[in-house]
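To start, I am sharing the structure in question, which I have written as structure tokens.
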Amino acid sequence: MRHGVAWALLVAAALGLGARGVRGAVALADFYPFGAERGDAVTPKQDDGGSGLRPLSVPFPFFGAEHSGLYVNNNGIISFLKEVSQFTPVAFPIAKDRCVVAAFWADVDNRRAGDVYYREATDPAMLRRATEDVRHYFPELLDFNATWVFVATWYRVTFFGGSSSSPVNTFQTVLITDGKLSFTIFNYESIVWTTGTHASSGGNATGLGGIAAQAGFNAGDGQRYFSIPGSRTADMAEVETTTNVGVPGRWAFRIDDAQVRVGGCGHTTSVCLALRPCLNGGKCIDDCVTGNPSYTCSCLSGFTGRRCHLDVNECASQPCQNGGTCTHGINSFRCQCPAGFGGPTCETAQSPCDTKECQHGGQCQVENGSAVCVCQAGYTGAACEMDVDDCSPDPCLNGGSCVDLVGNYTCLCAEPFKGLRCETGDHPVPDACLSAPCHNGGTCVDADQGYVCECPEGFMGLDCRERVPDDCECRNGGRCLGANTTLCQCPLGFFGLLCEFEITAMPCNMNTQCPDGGYCMEHGGSYLCVCHTDHNASHSLPSPCDSDPCFNGGSCDAHDDSYTCECPRGFHGKHCEKARPHLCSSGPCRNGGTCKEAGGEYHCSCPYRFTGRHCEIGKPDSCASGPCHNGGTCFHYIGKYKCDCPPGFSGRHCEIAPSPCFRSPCVNGGTCEDRDTDFFCHCQAGYMGRRCQAEVDCGPPEEVKHATLRFNGTRLGAVALYACDRGYSLSAPSRIRVCQPHGVWSEPPQCLEIDECRSQPCLHGGSCQDRVAGYLCLCSTGYEGAHCELERDECRAHPCRNGGSCRNLPGAYVCRCPAGFVGVHCETEVDACDSSPCQHGGRCESGGGAYLCVCPESFFGYHCETVSDPCFSSPCGGRGYCLASNGSHSCTCKVGYTGEDCAKELFPPTALKMERVEESGVSISWNPPNGPAARQMLDGYAVTYVSSDGSYRRTDFVDRTRSSHQLQALAAGRAYNISVFSVKRNSNNKNDISRPAVLLARTRPRPVEGFEVTNVTASTISVQWALHRIRHATVSGVRVSIRHPEALRDQATDVDRSVDRFTFRALLPGKRYTIQLTTLSGLRGEEHPTESLATAPTHVWTRPLPPANLTAARVTATSAHVVWDAPTPGSLLEAYVINVTTSQSTKSRYVPNGKLASYTVRDLLPGRRYQLSVIAVQSTELGPQHSEPAHLYIITSPRDGADRRWHQGGHHPRVLKNRPPPARLPELRLLNDHSAPETPTQPPRFSELVDGRGRVSARFGGSPSKAATVRSQPTASAQLENMEEAPKRVSLALQLPEHGSKDIGNVPGNCSENPCQNGGTCVPGADAHSCDCGPGFKGRRCELACIKVSRPCTRLFSETKAFPVWEGGVCHHVYKRVYRVHQDICFKESCESTSLKKTPNRKQSKSQTLEKS
């Protein structure tokens, strides 16, 4: 019995408290962190505004679809696909893609108070909290790990219509996802208002009443949704006391799937399964308040209450407008609209004219509540469907026949009668009033030419048939001649369309004479003559020629209303007013003829052999053949002629037609104007076109907004009539437009809306709103109706609660309450236990309008009507779920328990760790559960591994004897959630599992591809690699590392995956480095980053430093001696490469001496420019490594000016040096080329200047077979002229004598013994002498005779460098590049000593000879 009572008490507590089992709210400290200090963005302070579209960094799943953006709306709602600015909430479900998550959808106004914050969050603290919340509220998802959170917070916001001192609410929406599953959490701190004060919401000044806030979420398909209980009712003011997760003010849902899943603790007894308390299709939700089970009913649309037992009164929000009466239905309402309004909520103003159709341009008007058609002239009938017979009675006189027209008639008169009614003729007409032509009481007055009808007030027209419209605009006493037109009959002295112009002088009273005494008629300020029948009609108006406008005897020719003058000879001008100039001034006489004038003519006196009027005929007569056409006159000249063309023609033979206007192309009185090769016609009034051939046509007139249009034509004088639509009136300037002479219509009218509120139709203080063709009365409190003429029904506000019905009384109402409720408004609930509903001795307890039966032992149910089952005593406890079957029970154990009644705890493995990580696999190990008993229960382990994006999931079963496992076939660089469970097999094929031991592991990513070294300098090494778009999809970065052999560790740098190259800088020259690359997957610590296997070590030597301070120490005509800084001690250099480059070729010398600091380049040509490059070579295990070249530019000395000598008698020569500074290039010139020769012819010059050692020091132009002899010692530089044939080769240089009597034979280093052999020239020095050898000899004393022997050899040309590297036929691989082979001729030098041979002495001569060497 104790168990039954305990269970009943729990159920009683659940039913008594419902969703409000625990009072309270979520404190701000328990909200997810928010605010500006957290980096939140804030929505604009705008009524019904929001954040606009906010792109998301990860897609968010919602009802089976992924969304990449969302909107944070100020009105308490997060929406996908589109922004939601609607402020009055709509009951879920909603269609039309309204995908929304609404914590509190209401009319929020953040302009008055509060802020709306929002942000994305991926920081570890937020993700950890979100993960813990989801795992707690959804215990079946213990492997869930949040990767993204979105937080939106409405902080201290008030309602529309409120102020800064109005009540404020604070609530929050949290979105959570791991990329596959998604959840939302609602947090409510303080909810004190529910509704805005807008008319459609209906809230009061405190933010309560009307249509309250909606909470929940909606899929947007009109079917799938969830509404938090109490949505759109007054219960939303206490939503902070409700929950579905055991925390008052907090709701949690999973929202990624096609079906809604509601959160719960999952460890309490289900009240919903036991009682099923929700009615009318409401969904029951178990709350998990520890020790106090309760439930919440989520009602279908149209129902409310704790158990969804109350039908929502949709009329409470007063949806019917304009005085409509609301009738309540189930989840619906219907509005009965008053007269003049329609639509679902009586929102549309209606008029009797909406269904009335008037024909033939008739206008509908409302008169006394009915629609009446006001017809256009000529039509009648209820719908203007009948044409008025204007010929009844017959208005035509004197036997004329009447033809009926629309709104008019015309008379076909018999001879000799005419006039509008055939009233004019040759015979006296009887009294025209005898036929009583005037209608509607009009008085007929007989006139000379007929009759005139004087119409009574309200009528007009020729016969008083037409009713005067209310808006007749005729001025100065004018009468309107037709309805809906502005045609005025003006009184005497006025004219114009509206009789607006006064005639100051009557034209017919100013002695105006009409031809043959015709009758004068005033017309528009002018006059017209009505001629007698037998008078010529052309005299009805004066002729333009009547004033004799042509002078000097010119004749006038009239053309309609214009004229032209034909002038006599000698005059011209429009009126023949101008005299022509002297006839002879134009020189008409040809061929030297003399012109004489007489009597207005001229005469030509022709010279000999010419005749003719203009002396144009000669012999022979060229005009005899008649070459001039079109009447041209031929003038004869000697052997030729010229045509004098008549007016209008031109050309050599007058063959060119006249000007365009010559043929008078303009018709209908148009005036022609010549325009180059074309003409232009100035047309008379009423005509248009290129030749004035068409009458003026204005085309159809344009439409005017809010007006209908009628027009009688498009020609000159045609009239267009505009009639404003119902609800609009004419403003300016006129309703009539006239087709004007220049082919356009006159200014159009305007139709402006009529203010129907001007008459103040609303009664009892109601305010009037103007509408098109109508008005709307907004009634004051207590009145209603179209004009606020009715007193309001107090029951319309639905004051009765809990389903009570209202009865209206004069100035009051009374509520009839349903069973269970009493009070003035049925607000008090009666004791539900009065009916004794409990069976089998159950005790009834009431509360909150409901009751609960506390059942005795062995009975349960809502009324204790059901016999107890085996699960009543909860044999499975809180460790499993009990299932009854055939009087027995079975337990389905929860995670961590096993055994028959789930009484044994199943322990998980411990010390789960990672042993090895590879690209496609992971090795893990663990320890079995502690204790022999715990191990005895085990049947094995379940190893589950799931990829972080959920795309891969697998579970392996591992035998109990093993404590490690290899996870295979994994993707490279991918993160996996690994869970290991202890497993106990059951006989019912359902295994019990322990809580998991979890581990997050990531496989190694793939290494880079295509790694290579792209460039090496003395201080940098550049490398590049490639990442494949698919194979390296999980790679987030690349780590490049380098190590010097003497360094203790690598120097590593991480670069982004988008980078594919890197340069190591600040390296030491000539050193060996080791380079390796690895890829990285996952950068942050929480992502468990891994690194790929490194690439194979790549050894790279940096280049050695190039030679420093390269300079030219000495430059001669054929050699250059260069020096540079010696290598530092310990240098690994093994050789140098010297490149000699001209503009045509490059030669290289390989010098295998790494300690070299100078080098002499020989075999150069005098006066040439060279580029010298020196490259240092270092030997490595990878082959020779070369430095960058050091460059030097030189110009060799010319022959003359390098070394100058003069040989005199027995004295030894003294060499004068002309050596330039080492840093400058030599600039050698011909010594004696400064003065011009004495004779005009330049004498031949020598071709070479040879020094004492037989070396060419300068080359010049000249004859190669000539020589110059210098006869005496020059006082200045010798001028080498007077070239002679030389009998033999002489190798001498210019020599100068020694000065003084000093004995130079004993000077050290002198040349007194002439030690040089083979013609070598001795050069004395300070301490020693040197020999300057001739061609073909070498050695210190020129003792070696050398010859060069050619032989074929192979030269290698670099594909990347332009210069081959070779020395004496031996190729040196200076660059580690690809070479191509080229066959060439090389020279090998062979030398032989001549010391045993006697060298002939040189013969001294008093004269010195210079010869080509």
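From the backbone N, Cα and C atoms, a Cβ is placed for every residue, glycine too.
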Pick from Cys346, Cys353, Cys373: which one does Swiss-Prot say forms the disulfide with Cys358?
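When Swiss-Prot is consulted, Cys358 turns out to be bridged to Cys373.
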From 534-554, 828-848, 1080-1100, 1206-1226, which range did Swiss-Prot mark with region 'Disordered'?
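The listed stretch tagged region 'Disordered' in Swiss-Prot is 1206-1226.
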Need the cross-check against Swiss-Prot: the disulphide partner of Cys788, picked from Cys779, Cys800.
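When Swiss-Prot is consulted, Cys788 turns out to be bridged to Cys779.
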Which of these, Cys698, Cys768, Cys777, shares a disulfide with Cys739 in Swiss-Prot?
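In Swiss-Prot, Cys739 forms its recorded disulfide with Cys698.
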Looking at Swiss-Prot, which of Cys855, Cys871 bridges to Cys864 via a disulfide?
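Between Cys864 and the options Cys855, Cys871, Swiss-Prot records the bond with Cys855.
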According to Swiss-Prot, the disulfide involving Cys1311 connects it to which residue among Cys1316, Cys1322?
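Here Swiss-Prot pairs Cys1311 with Cys1322 via a disulfide bond.
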Quick one: Cα separation, Cys391 (disulfide bond) versus Cys411 (disulfide bond), in Å?
9
Using a 10 Å cut-off between Cα atoms, which of these disulfide-bonded residues sit near Cys550 (disulfide bond): Cys396, Cys480, Cys490, Cys623, Cys826, Cys1311?
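Matched disulfide-bonded residues: none.
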Write out how many residues of the domain 'EGF-like 9' (619-655) are helix, how many strand and how many coil, based on DSSP.
4 helix, 11 strand, 22 coil
Quick test of the contact rule: Cβ under 8 Å, at least six residues beyond the ends. What residues does that give for the domain 'EGF-like 2' (311-347)?
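Same-chain contacts beyond the ends: 200-202, 210-211, 232-233, 300-304, 774, 776, 779, 784-786, 790, 796-798, 803.
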Look up Cys315 (disulfide bond) in the DSSP assignment and reduce it to helix, strand or coil.
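Once the DSSP labels are grouped into three classes, Cys315 (disulfide bond) ends up as helix.
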Given a Cβ distance threshold of under 8 angstroms, which distant residues of the chain, six or more beyond its ends, lie next to the domain 'EGF-like 9' (619-655)?
590-591, 609-610, 612-613, 662
Could you check which of the disulfide-bonded residues Cys326, Cys396, Cys402, Cys1311, Cys1331 is the closest Cα neighbour of Cys490 (disulfide bond)?
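Nearest candidate: Cys396.
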Sequence order is fine: just name those disulfide-bonded residues in Cys480, Cys499, Cys853, Cys1311, Cys1322 with a Cα within 10 angstroms of Cys326 (disulfide bond).
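Those close enough: none at all.
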Count, for each of the disulfide-bonded residues Cys838, Cys853, the other C-beta atoms lying within 10 angstroms of its own C-beta, and report the residue with the smallest count.
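Each of the disulfide-bonded residues Cys838, Cys853 was scored by Cβ atoms within 10 Å; lowest is Cys838.
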With DSSP helix as H/G/I and strand as E/B, how many residues of the domain 'Fibronectin type-III 3' (1106-1200) fall in helix, strand and coil?
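The composition, in the requested order, is 0 helix, 50 strand, 45 coil.
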Cys480 (disulfide bond) to Cys565 (disulfide bond): how many Å between their Cα atoms?
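The Cα atom of Cys480 (disulfide bond) is 48 Å away from the Cα atom of Cys565 (disulfide bond).
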I'd like to know which of the disulfide-bonded residues Cys315, Cys337, Cys565, Cys623, Cys838, Cys853 sit within 10 A of Cys411 (disulfide bond) at the Cα level.
none
Return the average pLDDT for the domain 'EGF-like 15' (1307-1343) as a whole number.
74
